Amino acid sequence: MSYGLLKGKKGIIFGALNEQSIAWKVAEKCHQEGAEFILSNAPIAIRMGELNGLAEKCNAEVIGADATSIEDLEKLFDAAIAKFGKIDFILHSIGMSVNVRKGKHYTALNYDWLEKGWDVSAVSFHKVMRVAYEKDVMNDWGSILGLSYIAAQRTFPDYNDMADNKAYLESIARTFGYFFAEKNKVRVNTISQSPTMTTAGSGVKGFDAFFNYADDISPLGNATAEECADYCVMMFSDLTKKVTMQNLYHDGGFSNTGVSQKVMEKYQK
Ligand SMILES: NC(=O)c1ccc[n+]([C@@H]2O[C@H](COP(=O)([O-])OP(=O)(O)OC[C@H]3O[C@@H](n4cnc5c(N)ncnc54)[C@H](O)[C@@H]3O)[C@@H](O)[C@H]2O)c1
């Protein structure tokens, strides 16, 4: 069902890799709701070829950009300006930790890898907004979103240095959100999503266990990628104009639940 919530809105969606990706679902829903957008990802991800199918389906252009490269981002935003003039929304759905990928323990982090993951997962959010800000590409009352995880607030041992990256990401949303609101009423938020079966998600050690645990604790169950996409659409729509500088939990109630009946039953002797 379409409500036309994003009719006439233009944007850039970063981070659709394959059908499981949260950004993939966001692109499908944004298209359904009437938005036009550019799909961007790291050149290596684009070479994998899956993105073309999504682009065709959504009538979107694909433009590669390493989100850690100001030069790539400048080219991408210039292309967006040439295509759309100004834009209304940006989704930053990007994350990667070399320490997680290579199974390095948190207590023995490789700091070169930490810096790489921090740049990709957190600083790139600043870089994307910086280029958008300097090029004055956002329409008034536009909306910018990043995706986060509750490991920014609570310890999930195997989430490793991604926890620190997410804390940094959420802080960037608050601080840049202030300046973007002052400049042209643009809002900036992060959505803290439930564990979701994607390439990035399932790369975390023991992912199945904390997916199932979160599902058992959350009174509404884990939020799916499609449900996350619905929330993103709402945040890009004009129905949320005064929501800014927030970390918004989209987790079926996980963040405010101490224990659930389901978990209690597992421990009752
Ligand atoms: N899957 C989960 O459990 C979960 C939960 C909460 C938050 N998130 C967050 O959601 C976001 C999207 O992840 P996902 O779960 O859809 O996984 P995903 O693997 O489908 O998406 C991650 C994306 O980041 C892109 N990327 C990596 N390096 C890049 C670079 N240098 N430049 C541009 N793009 C780059 C990848 O190509 C990929 O498209 C991430 O920020 C992730 O941390 C995921």
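Cβ coordinates are placed from backbone N, Cα and C, and glycine is handled just like the others.
Predicted automatically and left uncurated, TrEMBL annotations should be read as such.
According to TrEMBL, the features are:
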ACT_SITE  TYR149  active site, proton acceptor
ACT_SITE  TYR159  active site, proton acceptor
BINDING   GLY15, SER21, ILE22, ILE94, LYS166  NAD(+) binding site
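All features noted in TrEMBL, drawn onto the structure.
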| residue | record | Cβ within 10 Å |
| --- | --- | --- |
| GLY15 | NAD(+) binding site | 25 |
| SER21 | NAD(+) binding site | 25 |
| ILE22 | NAD(+) binding site | 26 |
| ILE94 | NAD(+) binding site | 25 |
| TYR149 | active site, proton acceptor | 26 |
| TYR159 | active site, proton acceptor | 25 |
| LYS166 | NAD(+) binding site | 25 |
Three-state secondary structure, which DSSP defines for GLY15 (NAD(+) binding site): coil
Where the C-beta lies under 6 angstroms from ligand 1, the matching recorded positions among GLY15, TYR159, LYS166: GLY15
